Amino acid sequence: MSLALGHGTIAGSTAAPLSEEGEVTSGLQALAVEDTGGPSVSASKAEEEGKGSQEEAGREGSRPEEALEAPSAASDERAEGEAEDWCVPCSDEEVELPANGQSWMPPPSEIQRLYELLATQGTLELQAEILPRRPPTPEAQSEEERSDEEPEAKEEEEEKPHMPTEFDFDDEPMTPKDSLIDRRRTPGSSARSQKREARLDKVLSDMKRHKKLEEQILRTGRDLFSLDSEGPSPTSPPLRSSGNSLFPRQRKY
């Protein structure tokens, strides 16, 4: 029993350091794993970033390809639509084919004759019925031209004098015009009115006459040509000129 216990104690004492060594080794291994894991993680991150950049570059490269494919597809659709709408119209000969389906051809003898004429004369006479030409159709007038012509026509109508006809009746009495009245003229007088002319001798004579009248007024205090036609009464005092004005009252010639 003692041996067993002793052995057990030895084993227990030896087991304790072994367990401590195991812990140390496991800790070292963990540290080693952590040390080795650092670069591996950075490498994995770098790989992921490289893959992301490659994917972005691939997307950017695919965008112009898609942009090029889109107009090409649109052009293909347009070409298909034009191909469906495109057609060649038939010629007059194809439309006006005879019942048997063969186009008209001159006989060989006529072709030979025409070639011989070309060889000898050089030209062929044109045998065709010349139809008369019709006059050109008048162009439709625009609204502006019509509006310009209308006022001109109205002005012409207004300018035309009214011509009297046998169907014109004047129901209202007309007042006689002065020109229609027979004026009595003195014998020897002309129908035309005399034109007044200004002469120097007449002007000078008028000035002398007015000067004499003014002297008469200043001397007598009375105007020869009074306003009222009646003569002056003997009881009325003579008019005297005031100092402010030469003429006491206006003369009437």
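For all residues, glycine too, the Cβ spot is worked out from N, Cα and C.
Because the structure is a prediction, the values reported are computed rather than measured.
Taken from Swiss-Prot, the feature region 'Disordered' applies to 1-108 (among others).
According to Swiss-Prot, the compositional bias 'Basic and acidic residues' annotation covers 45-66 (among others).
Residues or ranges marked as region 'Sufficient for interaction with NCOA1' by Swiss-Prot: 115-159. Within the chain carrying the region 'Sufficient for interaction with NCOA1' (115-159), a Cβ under 8 angstroms from the stretch's Cβ atoms is held by none of the residues 6 or more beyond its ends.
The feature region 'Disordered' is assigned by Swiss-Prot to 126-253 (among others).
DSSP assigns Thr137 (phosphothreonine) to coil in the three-state reduction, placing it in neither a helix nor a strand. Shown in sequence order, the list is empty: the chain has no residue 6+ apart in sequence with a C-beta less than 8 angstroms from the C-beta of Thr137 (phosphothreonine). Look at Swiss-Prot and you will find Thr137 tagged as phosphothreonine.
Swiss-Prot lists 141-158 with the feature compositional bias 'Acidic residues'.
Counting every protein chain shown, 9 other Cβ atoms lie within 10 Å of the Cβ of Ser142 (phosphoserine). DSSP classifies Ser142 (phosphoserine) as coil under the three-state reduction. What Swiss-Prot lists as phosphoserine is Ser142 (among others).
Ser147 (phosphoserine) counts 9 other C-beta atoms within 10 Å of its own C-beta, drawing on all protein chains shown. For the recorded site, Ser147 (phosphoserine), the DSSP three-state label reads helix. Per Swiss-Prot, phosphoserine is recorded for Ser147 (among others), and the stated evidence type is similarity to another entry.
Annotation comment: Swiss-Prot describes 160-253 as region 'Sufficient for interaction with ESR1', evidence class similarity to another entry.
What Swiss-Prot records for 194-222 (among others) is compositional bias 'Basic and acidic residues'.
Swiss-Prot lists Ser236 (among others) with the feature phosphoserine, giving similarity to another entry as the kind of evidence.
If you look up Swiss-Prot, you'll see 238-247 marked as compositional bias 'Polar residues'.
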(message) Just to be sure I understand, if DSSP states are collapsed into helix, strand and coil, how many residues of the compositional bias 'Basic and acidic residues' (194-222) fall in each?
(response) 21 helix, 0 strand, 8 coil
(message) Please compute the mean pLDDT of the model over the region 'Sufficient for interaction with ESR1' (160-253).
(response) 66
